[in-house]
Amino acid sequence: MQRSNSAPDLIEVSETDFTSGHFDHHENPVKVNDKVGGKERLRHQKQISGLTTVTTNSNEQHHGDNSEALVLLEAEEEEEEAEHGESGGGWGRGIISDFKRTVGTHWVQEMTNFNQQTVAVSFFIFFAAIAPAITFGAIYAKATHNWIGAVEMITATAWCGIVYSLIGGQPMMINGGTGPVLAFTEIIFKMSESLDVPFLTFNCWVGIWVCIFMCLAAFTDLNRIIVYATRFTDEIFALLIAFIFIINALGNPFATVGLAYYFQPDHKSHEKHANDPDYNYLAAALLSFLLCIGVVQTAFALRKTKFSPFLPNQTMRNVVTDFAVVASIAFWTFVDQVIFKSIPTETLNVPDSFAPTYACCTESCETNWPDDCPDLAEPFGRRGWFVDIGDLNGKGWVPLMAAGPAILAFILVFLDDGITWHLINHPSHKLTHGAAYNYDTLIIGVMILVNSLLGLPWLVAATVRSLNHVHALAEKTPQGKIVSVRETRLTHLGIHGLCFVSIFALNILKIIPMPVLYGVFLFMGLVSLGTNQFFGRVQMFLMQPSKYPVEPYTQYVKPNRMRLFTAIQLGLFVLLYVVKAIKTIAIAFPIIIALCIPVRLYVLPRIFTTEELVMIDSDEATVRKWLARKKAETEKHVSFDEDDVEKQQGAIAEDANDEGDSSRKDGDQEHDDVILGLPTKQDLDPSKRTERRQRRKSLSCPEHSLFFSSEMDLEDADADAATDDGTSMDEGSSYASEDDAVPVVPLGERIRMRGRRRKSLSCPPHQLFNEAERYLNKNYFFG
């Protein structure tokens with residue numbers, strides 16, 4: 001279908017005209033110049049998802065209501081580009097604009113919007129943060145021979161969180177330890193042993209290089225790469241982290257962590273009770289399972305109170321919903337410590353005092369007590385808090401050599417932070433205070449430097465804790481859709497303030513049963529799964545296609561194509577989990593994450609059409625804009641076709657007028673032949689008609705095109721009389737019943753042959769007679 005020259009080109013998507021309904025399954029992605037500015041980055045992101053806006057000519061005329069819709073869509077686009085476009089544009093300008101847009105604009109509001117929800121969320125995320133801090137600390141101690149332990153992890157979590165809550169750009173983000181960073185730290189420890197260099201010194205130099213790379217990334221606006229990470233990459237990473245939380249709660253096949261291991265008699269939690277004849281490990285395992293599942297079920301049940309009819313008023317229902325997780329933890333801790341006090345369960349392995357984990361055998365602190373000096377009754381002392389970066393064991397080239405592993409560490413930290421920020425700022429979360437990618441990259445880099453100098457673990461954006469922080473502060477509909485989010489710094493400050501207080505009250509934390517915290521992990525993982533579209537599509541493999549939920553990717557994408565897209569994501573997800581779980585190749589984990597972006601940019605557009613990628617791999621706002629533009633463009637094509645038909649009919653009429661007297665006589669004769677065959681006034685007596693016959697028939701074709709002479713074939717005339725759904729009237733669509741049939745002269749007798757020209761009717765016969773009847777009614781009864 002050819003466009004009219006006066007039609008403004010509103011959308012340009014590669015070589016595909018999506019309005020025609022034809023899509024090339026092997027079309028190439030749109031090629032654009034990669035520029036530094038934020039607007040260019042956002043424009044390229046839209047081209048990736050199949051949505052590219054081309055500026056319309058303000059002098060050209062729009063047709064009907066389409067122009068209003070298109071102008072509205074373009075205004076929304078310009079607003080979005082203006083918001084995101086301030087992030088780049090030059091050396092360090094992204095950092096300044098991020099600071100002005102977030103901290104400089106909303107800091108006072110975020111530090112003063114206190115309410116009961118702030119307290120509830122602070123306690124909830126505190127338990128979600130302190131438990132992994134202690135757990136990761138124990139694993140760090142085992143992996144680094146006590147150079148880093150639980151005390152160091154709690155200290156890093158507390159001070160980084162408090163500082164970030166005051167100066168950070170995105171307070172919805174929660175910093176914490178993660179499995180990939182832990183695995184990389186273990187690799188650094190093994191490298192330090194092979195180089196015969198103290199671990200903390202080598203780790204410090206790697207951290208210094210990571211800080212340098214993070215600062216360079218922030219000043220050069222390298223975060224524009226994260227704009228290329230679409231929902232495809234985000235949800236693979238988010239599902240991986242949520243899956244890790246769920247697996248670690250239920251039972252990790254690669255580590256002795258989770259509920260399943262309580263049912264093994266040689267589990268470490270049973271060792272301390274080996275000499276107790278009344279101790280039954282199966283009873284302890286069953287109680288642990290009950291505590292974990294009870295925490296999850298109670299938390300989900302209490303969260304539904306907000307939309308239930310129970311309790312006297314909405315205020316009380318809101319309080320119960322806000323404190324759902326905290327109340328669940330308190331209740332099941334009471335059940336364990338009071339009701340089932342005779343059945344001991346595992347508790348948090350908290351250190352006895354606040355001091356560095358590494359205990360020294362001698363003053364030089366080169367050996368660890370008691371492993372390296374079992375004869376000593378007590379250690380000589382503890383390691384110092386500050387790392388000696390000059391203790392290189394005579395190898396002055398180590399600081400430069402540390403830049404190599406620092407590159408991989410930078411990729412891991414950069415992508416871990418960037419993808420988590422991208423998930424937090426997803427449009428479905430309705431955040432309004434803006435993003436600060438470059439500014440926060442600088443902040444995280446400085447924090448890694450300080451932690452490296454103090455011998456503390458590196459902290460990055462914790463995906464599951466951050467997403468649960470957003471959801472805990474969100475106002476939702478009964479269907480779970482987020483309406484708004486209370487964007488505050490007070491919860492961030494409260495969470496890590498409690499972590500800091502817990503340093504001086506470590507014995508109190510020993511009261512909390514470990515199965516209860518496993519329940520918190522399981523709850524957080526399940527909440528994250530509920531908002532993951534990728535996980536929803538994985539579930540559809542087990543569903544009947546007719547029972548699929550109503551979503552754009554189920555309505556506008558064929559099931560087999562949707563399954564293929566999901567299978568590709570699932571393959572990358574499994575690859576990521578296997579690489580992370582196998583310690584010998586865990587260092588390649590950040591590389592696999594980075595590869596997801598080019599796979600989406602360059603491989604998937606060769607397999608899927610632009611429309612399929614938009615429907616599956618875009619947010620709701622983008623899908624709505626795409627469908628609105630598609631509808632508007634289709635209506636414009638229809639209006640252009642009608643204009644062409646009118647012009648063609650006008651040309652036909654002029655040609656008919658030039659035929660001469662002979663043609664007019666023949667036309668009059670043919671007109672008389674048809675009219676003589678029409679019914680008379682008596683035949684159309686209203687009293688003889690049935691109730692059905694009294695319904696007035698709609699206009700079957702334009703008045704001016706009842707009869708015309710042309711060289712057009714009959715099939716062309718039928719095409720002009722096509723209905724809106726694309727089915728011609730002579731292909732089964734009939735407006736008249738058998739009772740409506742009127743005796744007429746056979747069609748063959750009404751068409752006269754004159755030379756090589758043949759007269760053709762513009763409408764099928766039954767439509768013609770309906771129109772003729774309308775004219776007769778008008779002439780007979782209305783003069």
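Any Cβ shown, glycine's included, is placed from N, Cα and C.
As recorded in TrEMBL, the features of this protein are as follows:
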- 46-65: region 'Disordered' (REGION)
- 47-59: compositional bias 'Polar residues' (COMPBIAS)
- 93-268: domain 'Bicarbonate transporter-like transmembrane' (DOMAIN)
- 119-140: transmembrane segment (TRANSMEM)
- 147-167: transmembrane segment (TRANSMEM)
- 199-219: transmembrane segment (TRANSMEM)
- 239-261: transmembrane segment (TRANSMEM)
- 280-620: domain 'Bicarbonate transporter-like transmembrane' (DOMAIN)
- 281-302: transmembrane segment (TRANSMEM)
- 323-340: transmembrane segment (TRANSMEM)
- 396-415: transmembrane segment (TRANSMEM)
- 436-460: transmembrane segment (TRANSMEM)
- 490-509: transmembrane segment (TRANSMEM)
- 516-535: transmembrane segment (TRANSMEM)
- 562-579: transmembrane segment (TRANSMEM)
- 586-603: transmembrane segment (TRANSMEM)
- 653-700: region 'Disordered' (REGION)
- 661-674: compositional bias 'Basic and acidic residues' (COMPBIAS)
- 717-743: region 'Disordered' (REGION)
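Residues 87-88, 94-95, 98-99, 101-103, 136, 140, 147-148, 152-153, 155-157, 160, 163-164, 167-170, 173, 175-178, 181-182, 185, 200, 203-204, 206-208, 210-215, 217-219, 221-223, 226, 356, 383, 385-387, 389, 413-414, 416-418, 420-421 of the same chain lie 6+ residues outside the transmembrane segment (436-460) yet bring a C-beta within less than 8 angstroms of a C-beta in it. Each of 119-140, 490-509, 562-579, 586-603 was scored by its Cβ pairs under 8 Å to the transmembrane segment (239-261), and the highest score goes to 562-579. If one looks beyond the transmembrane segment (119-140) by at least 6 residues along the same chain, the residues whose Cβ comes under 8 Å of a Cβ in the stretch are 148-154, 157, 161, 174, 176-177, 182, 185, 257, 319, 322-323, 325-326, 329, 348-350, 357, 457, 462, 465, 468-469, 472-473, 490-491, 494-496, 498-499, 502, 509, 512, 517, 520-521, 524. In terms of C-beta pairs under 8 Å, the stretch of 281-302, 323-340, 396-415, 516-535, 586-603 lying closest in packing to the transmembrane segment (562-579) is 586-603. Tallying C-beta pairs under 8 angstroms between the transmembrane segment (396-415) and each of 199-219, 281-302, 586-603 places 199-219 first.
Nonlocal intrachain contacts for the transmembrane segment (199-219), taken as residues 6+ away from its ends with a CB within less than 8 angstroms of a stretch CB, comprise 91-92, 94-95, 144-145, 147, 185, 188-189, 191-193, 383, 387-392, 398-399, 402-403, 405-407, 409-410, 413-414, 438-439, 441-442, 444-446, 448-449, 451-453, 455, 458.
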